[in-house]
């Protein structure tokens, strides 16, 4: 075993902008084949500056005045891309450019707080573990039959970040009212330069062009979702600058993830056993106690905060007397942590069931020339 678990109460899935693992948690198996109806609609080290500015890829230059309307040609193209990607084969650079431009014309019209109908299946971090993502869809049911909400962190650490994010974006464009993809702290130019996605793009495409396309696209991902006005979903956690959900609606999200402030906090913060607000060991965001989550839920008439962002050994973990749940959907994280993964199904009556799963069978590991920083110090 080549890692130590350092301060599990402040563990993360991995990253810090000082890294740790979360505690082992209680589990609860559940099965629910509910189908969907349509919605109405890291470390303390200094990071390199590649001088890539938001928008440098040009994918947003053509932005439309109204959402993308799929034509038969679009649908056929997307179906071909999805079939190609399902074999874990990356798209060509030209096809990535086409896909990202289509995705901008979908995502730019989504709100900071994306409204979601039940039933829905809520998913946590995936982190480039593409074969486990396919297993997730087997466990939860195929899209568009099942309505999915992903809470961020599609890239970095796993070997197949390109295929993973391409697949999810293609599914989003193909089924825009069946799948929601939120932004995680790894959907960031700065973080992906260090933790794998940038290097993977260089290795697979020979340049940073695809990385630039996707990181420009990440700026358009919604930062939160609200399931039937009762379950507030986001990647990280709460912010001392946000008391109401309406304040989230007022944020300008079309930017690189800031180093501080409310948008940063929503993607970086973690629940904690200690009350009140605390300094996060990650170096970004805050820790927040049960008193904070209870007050936020009361103020906004919520039943639950659902979030991802932290490795939990059984795939999900309740916090703050079930005011908060953490969901982690990358089994055997980093191909060595030995954790289960989970997704949470919410039915029409707001009943919640957790589906847990183990790693899928995957081919041999690809050749990787650069070792990314180890989170498990």
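In case you wondered, yes, glycine gets a Cβ from its N, Cα and C as well.
Feature annotations, reproduced from Swiss-Prot:
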{"type": "REGION", "residues": "1-66", "note": "region 'Disordered'"}
{"type": "COMPBIAS", "residues": "28-40", "note": "compositional bias 'Basic and acidic residues'"}
{"type": "MOD_RES", "residues": "38", "note": "phosphoserine"}
{"type": "MOD_RES", "residues": "43", "note": "phosphothreonine"}
{"type": "BINDING", "residues": "125, 127, 153", "note": "Mn(2+) 1 binding site"}
{"type": "BINDING", "residues": "153, 185, 235, 309", "note": "Mn(2+) 2 binding site"}
{"type": "ACT_SITE", "residues": "186", "note": "active site, proton donor"}
{"type": "MOD_RES", "residues": "377", "note": "leucine methyl ester"}
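A map of Swiss-Prot features onto the structure.
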residue: 125; record: Mn(2+) 1 binding site; CB count, 10 Å: 31
residue: 127; record: Mn(2+) 1 binding site; CB count, 10 Å: 29
residue: 153; record: Mn(2+) 1 binding site; CB count, 10 Å: 30
residue: 185; record: Mn(2+) 2 binding site; CB count, 10 Å: 31
residue: 186; record: active site, proton donor; CB count, 10 Å: 31
residue: 235; record: Mn(2+) 2 binding site; CB count, 10 Å: 26
residue: 309; record: Mn(2+) 2 binding site; CB count, 10 Å: 31
Length of the line joining the Cα atoms of residue 125 (Mn(2+) 1 binding site) and residue 185 (Mn(2+) 2 binding site), in Å: 10
Alpha-carbon distance [residue 153 (Mn(2+) 1 binding site); residue 309 (Mn(2+) 2 binding site)] in Å: 8
Three-class DSSP secondary structure - residue 235 (Mn(2+) 2 binding site): coil
Spatial neighbours of residue 127 (Mn(2+) 1 binding site) among the recorded positions 185, 186, 235 [C-alpha, 10 Å]: 186
Rounded Cα-Cα span from residue 153 (Mn(2+) 1 binding site) to residue 186 (active site, proton donor), Å: 5
Assigned element (helix, strand, coil) containing residue 125 (Mn(2+) 1 binding site), judged by DSSP: strand
Distance from residue 153 (Mn(2+) 1 binding site) back to residue 235 (Mn(2+) 2 binding site), taken between C-alpha atoms, in Å: 8
Cα distance (Å, whole number) from residue 185 (Mn(2+) 2 binding site) to residue 153 (Mn(2+) 1 binding site): 7
